[in-house]
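Novice: The ATP binding site annotation in Swiss-Prot covers GLY30, SER31, ASN32, GLY33, PHE34, GLY35, LYS36, THR37 and rests on sequence analysis.
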Amino acid sequence: MYVRHLALTDFRSWARVELELEPGRTVFVGSNGFGKTNLIEALWYSATLGSHRVASDAPLIRAGAERAVVSTIVVNDGRELAVDLDITSGRANKARLNRSPVRSAREILGVLRAVLFAPEDLALVRGDPGERRRYLDELATTRRPRIAAVRADYDKVVRQRTALLKTASGARYRGDRGALETLDVWNGHLASHGAQLISARVQLVNELAPEVEKAYQLLAPGSRPAAIRYRSGVDVVEAEAAAGNSDEEMFEAALLDALSRRRDAELERGVCLVGPHRDDLELRLGDQVAKGFASHGESWSMALALRLAAYELLRVEGSDPVLLLDDVFAELDSARRQALAQVAATAEQVLVTAAVEEDIPAEWDARRIGITMQDSDGGRISVVRT
């Protein structure tokens, strides 16, 4: 798989750019702040409908513009698919597949399968559980695009159930049974959608675990062994996940039971205390949790191992995913650079950003595309250096 064409309109610092890309290695070279990472971000957005840098879409739209457009042509086993994404702040994104509108932007998921390595990856180890949940859900969605709808439905249930909890707390003291009966209905929705999401995550963790262990050993052969496991606030869910069980019906029953037991606490606090939105992917080195105990080098090795494991899972399922490397070589020591370069050598397409040529492995035969900035009527914009 490779991206043959990338076009951006009013995306971040790019007013307009069209790039013809090729299989093999391409390096975008430019000073920090010149917009090279924005190219990688646009490709990642096309692959996942999310940014690796910001949580909302508003920053993706160039100042003064109403919307941003990301267009790609992806080649997979000789077949071309064109994807156009219209990004508008505060409204649902619109998408076209081979120039025909689709009902939901989620329908383009799976067209571009990519794995991203970025400086932000350290947050996978050192950050909040939300970073690791996002890693699991993005990878699960890349492999099985229907999971995006499961996640969207679950998030909607959590929002509506949280709003109900805030009002139902007072209703309980007034003896209003209607609000509590409505809460029971939403408990069923949360358990149903939550069980599907947990099942997808647990299946993924089961497949990821041996790949993470192997990748970490490659990156840090003298270090402690790496391991991952799914953590849940529901004891039954955690125990079954640890045993490799991903049965949806069992998870649904466990969630319903936990919701029943935590009802008073939820009404008291007005928040959802049960569900996969509170779960975590635990990363371990030897007998210690990586977060808080891993050194800087160990943290980088663990973060890279998670990405390399994702790449391997996607690769064995079909064609190689596109490798996106955003300024990571500058962050790594020589051993980790060499291990990452080894994997990149086998990929069908690798797209890399670097501030200076010296950040790229010397032995790489790669196409260089220079990125610079210039003044325009609308302010400073990124351009390809000619």
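Cβ from N, Cα, C; glycine included.
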Novice: Using the Cβ centroid of GLY30, SER31, ASN32, GLY33, PHE34, GLY35, LYS36, THR37 as the reference point for the ATP site, which residues of the same chain not in that list have Cβ within 8 Å?
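Specialist: Checked against the 8 Å cutoff, the neighbours are THR353, ALA355, ILE371, MET373, SER382.
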Novice: Where does GLY30 (ATP binding site) sit by DSSP, helix, strand or coil?
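Specialist: Going by the DSSP assignment, GLY30 (ATP binding site) belongs to neither helix nor strand, so it counts as coil.
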Novice: Among the binding-site residues listed here, GLY30, GLY33, GLY35, whose Cβ has the fewest other Cβ atoms inside 10 Å?
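Specialist: Result for the binding-site residues GLY30, GLY33, GLY35: minimum number of other Cβ atoms within 10 Å at GLY33.
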Novice: Rank the binding-site residues SER31, ASN32, THR37 by the number of other Cβ atoms within 10 Å of each Cβ and report the first-ranked residue.
Specialist: THR37
Novice: By a 10 A CB contact count over all chains shown, which of the binding-site residues listed here is most packed: PHE34, LYS36?
Specialist: LYS36
Novice: Can you check what DSSP calls THR37 (ATP binding site), collapsed to helix, strand or coil?
Specialist: helix
